[in-house]
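The region 'Disordered' feature in Swiss-Prot is assigned to 1-65, 87-106, 704-728. Per Swiss-Prot, phosphoserine is recorded for SER14, SER16, SER23, SER164, SER170, and the stated evidence type is a large-scale study or a structure entry. The feature compositional bias 'Acidic residues' is assigned by Swiss-Prot to 49-65. Sequence annotations record features per position, and here Swiss-Prot assigns zinc finger to 341-367. The domain 'MCM' annotation in Swiss-Prot covers 493-700. Taken from Swiss-Prot, the feature ATP binding site covers GLY543, ASP544, PRO545, GLY546, THR547, ALA548, LYS549, SER550. Marked as motif 'Arginine finger' by Swiss-Prot: 675-678.
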Amino acid sequence: MSDNRRRRREEDDSDSENELPPSSPQQHFRGGMNPVSSPIGSPDMINPEGDDNEVDDVPDIDEVEEQMNEVDLMDDNMYEDYAADHNRDRYDPDQVDDREQQELSLSERRRIDAQLNERDRLLRNVAYIDDEDEEQEGAAQLDEMGLPVQRRRRRRQYEDLENSDDDLLSDMDIDPLREELTLESLSNVKANSYSEWITQPNVSRTIARELKSFLLEYTDETGRSVYGARIRTLGEMNSESLEVNYRHLAESKAILALFLAKCPEEMLKIFDLVAMEATELHYPDYARIHSEIHVRISDFPTIYSLRELRESNLSSLVRVTGVVTRRTGVFPQLKYVKFNCLKCGSILGPFFQDSNEEIRISFCTNCKSKGPFRVNGEKTVYRNYQRVTLQEAPGTVPPGRLPRHREVILLADLVDVSKPGEEVEVTGIYKNNYDGNLNAKNGFPVFATIIEANSIKRREGNTANEGEEGLDVFSWTEEEEREFRKISRDRGIIDKIISSMAPSIYGHRDIKTAVACSLFGGVPKNVNGKHSIRGDINVLLLGDPGTAKSQILKYVEKTAHRAVFATGQGASAVGLTASVRKDPITKEWTLEGGALVLADKGVCLIDEFDKMNDQDRTSIHEAMEQQSISISKAGIVTTLQARCSIIAAANPNGGRYNSTLPLAQNVSLTEPILSRFDILCVVRDLVDEEADERLATFVVDSHVRSHPENDEDREGEELKNNGESAIEQGEDEINEQLNARQRRLQRQRKKEEEISPIPQELLMKYIHYARTKIYPKLHQMDMDKVSRVYADLRRESISTGSFPITVRHLESILRIAESFAKMRLSEFVSSYDLDRAIKVVVDSFVDAQKVSVRRQLRRSFAIYTLGH
């Protein structure tokens, strides 16, 4: 039985050997013995367990062939493979790229990575384009070699892919995703939010392409490339900020402007990369100077006040204005941070450091340990970081409200752009960040809000001409500017402006003249860049109580473009100048500006000036003349600008002014501070029956005019009373009284029409326009006359000894003359302006004298004051 079985197996083996392909070479095996012809019943082939029914499978032909073709690599000649052979150990020069490779820039490296990723994606897509039916059908088919048909089909597809140079290579060079999305298709948002839509790869590439075309192709009316010139200027100055006008982007590509307003953080990242690429077209090696270019957005159309910011503005672009009140030092902030694992020494990162949260490493990717980790100071990238406090400008705070403030973060080259006291305009991203102290204070989760500045500019003069009409009560339009010029051509414009100062206050023409001169101001000068001369006019109002001094100060506060009100008792030296306090977060000393610093390029109003102590008053000496405040406290040595006019009101000693005593004995002010006031107005509450009657009539009429709805009732009541009295009296007498009253009213109305006050809103804009646009020059003036006046004033001052006259008063005459020229919107100071200025200074000097010499001085200086 076993012999028959063995014979049958031998026949099967011979049949399988004959079935080999005829082209197959004859198989040679070690020992000259064919394993197929070996006896099956040999001990090597018998089941070791002795089971006759189970035998080992016959070895596969391929496996046997592989075993027979093996080469012993560990023989005695193995070391000869490593011996040097100079004839063969040479590389083919055609196959070796030994050219020097330049270091790629960050933008070029990202572009190549994106191209390689896209190529790999296309290869994967083409390799698996068969549908399921074809795969199932191919899996069931075998070729004559026994290989699945599907594999051969895929192999052919790879071969076709390599051979289709014209189609595939062109697709790799030109990104097909860029061709799929156009600028119009970007508006069809296919995501839950703008942020998700922008971060999609095809959308971000399309946005980058359109932004690049905008920077390279946008032209002005003359056909000149706007941003090409700015990029060249950026390269010449080695700057890292490129200013982009938002209105230009909105006109050229509106959908991108919408994305920028809604998702500024994502858009600015793309914009910065595009700006770097555009800059490298002009300066290929610019990345060696600055690794990044920051796009600064300007002229954003919507301006918010700090109190108008709400949760709907979070993560969007906002534009706010305010005054910088506090500024921290400059700190290095982590941007891209790398860590060293102290156990295995590997470097982890880089990780992008966001301003909202701190990066924490949980474990090392190399050794899987949980630390400790240390920041790699050499490979970590830092950037400048600074925080400033922005407060609402004094003129924009609603009545009865406290000014709001916000923290603003300045990064990169924006640090130290502004100083405390400067009014700035910030365009940035309104963000929220976690504040543990705020949560503990409120007892429930809330977030603090900050503004991450994108651009910051100091506000200089008017901004309405840039397209912001109607946003500010002090801005003007072109039509209003023509109205200003028309008003300035009036011969009596100076008297009309003086009459328009505090029209609800009767009389005090000298005070109104001084206030008008202070509001318009003179022209600051810088002599050869070495010595600066102030152009602001300081005024001191000294007089009896109840003479409307505080009312005039309040009027100036509402009229001036920028005014800060302070009182003598409530203001200290640091409150007026500057203070140094410790920052609660960084524990460093920071600088905060006082009232004079906040009133920079405006007016500082100080009531109850006599109530200040001498130490506090001496602190403003430097601010009144040099218009700067020097600080040297807590290791901070700096100088702050205080370019403002000071209008102060004070009461005399004892409550009332004594005309029999000189000025120095009526007020407890020292000569150094008195000499710093350009105009001194002494107000006396004298008893004059006629003047008191006119004052009472004016006050009553003011109250009556404030209730216009009662005019008709009052007229009807008067007619009724007149009718009843006509019955009792004769008609002739009544008619005579009515005619006399009518003539008196006509004379009063005619006088009011001759000098009608300018509307307050128009006057505010007129003053601001004159301060920012008009800079009159001293040309063809009678300087000898000024010299004579100064000499006469000095002589009389020494003889009377009541009011000191210094060289500052000589400069005051010129400043006041320039202010009168500004009232006329004139480019030159005329002799008429000079005569008015001399009269103001002389009257100020004479009124400060005691009554015994006042009349004599008026006669002495009549030659300078008559006719004005």
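Glycine is treated like the rest: Cβ placed from N, Cα and C.
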Among THR547, SER550 [binding-site residues], residue with fewest other Cβ within 10 Å:
SER550
Excluding GLY543, ASP544, PRO545, GLY546, THR547, ALA548, LYS549, SER550 themselves, the ATP site's Cβ centre has within 8 Å the residues ALA649, ASN651, VAL683, ASP685
Hey, which bits of the same chain come close to the motif 'Arginine finger' (675-678), Cβ under 8 Å, at least six residues off its ends?
537-540, 621, 624-625, 646, 648, 804, 806, 808-809, 812, 815-816, 841
DSSP three-state assignment (helix, strand or coil) for ALA548 (ATP binding site)
coil
What same-chain residues lie close to the zinc finger (341-367): Cβ under 8 Å, and 6 or more beyond its ends?
333-335, 373-374, 376, 379-381, 409, 431, 433-434, 452
Report the mean pLDDT of the predicted model across the motif 'Arginine finger' (675-678), rounded to a whole number.
88
Once DSSP output is merged into helix, strand and coil, GLY543 (ATP binding site) belongs to strand
Under 8 Å Cβ to Cβ from ASP544 (ATP binding site), same chain, six or more residues apart: give me those in sequence order, or none if nothing qualifies.
ASN651, PRO652, GLY655, ARG656, TYR657, VAL683, ARG684, ASP685
The motif 'Arginine finger' (675-678): DSSP-derived helix, strand, coil residue counts
0 helix, 0 strand, 4 coil
Around the C-beta of LYS549 (ATP binding site), how many further C-beta atoms are within 10 angstroms, looking at every protein chain?
23
DSSP tally for the zinc finger (341-367), helix/strand/coil in that order, comes to 0 helix, 7 strand, 20 coil
If you draw a 10 Å sphere around the Cβ of ALA548 (ATP binding site), how many other Cβ atoms fall inside it, taking every protein chain shown into account?
20
Which site among PRO545, GLY546 has the most other CB atoms no more than 10 Å from its CB, taking these as binding-site residues?
PRO545
Which residues, sitting 6 or more apart from GLY543 (ATP binding site) on the same chain, put a CB under 8 Å from its CB?
LYS549, ASN651, PRO652, TYR657, CYS681, VAL682, VAL683, ARG684, ASP685
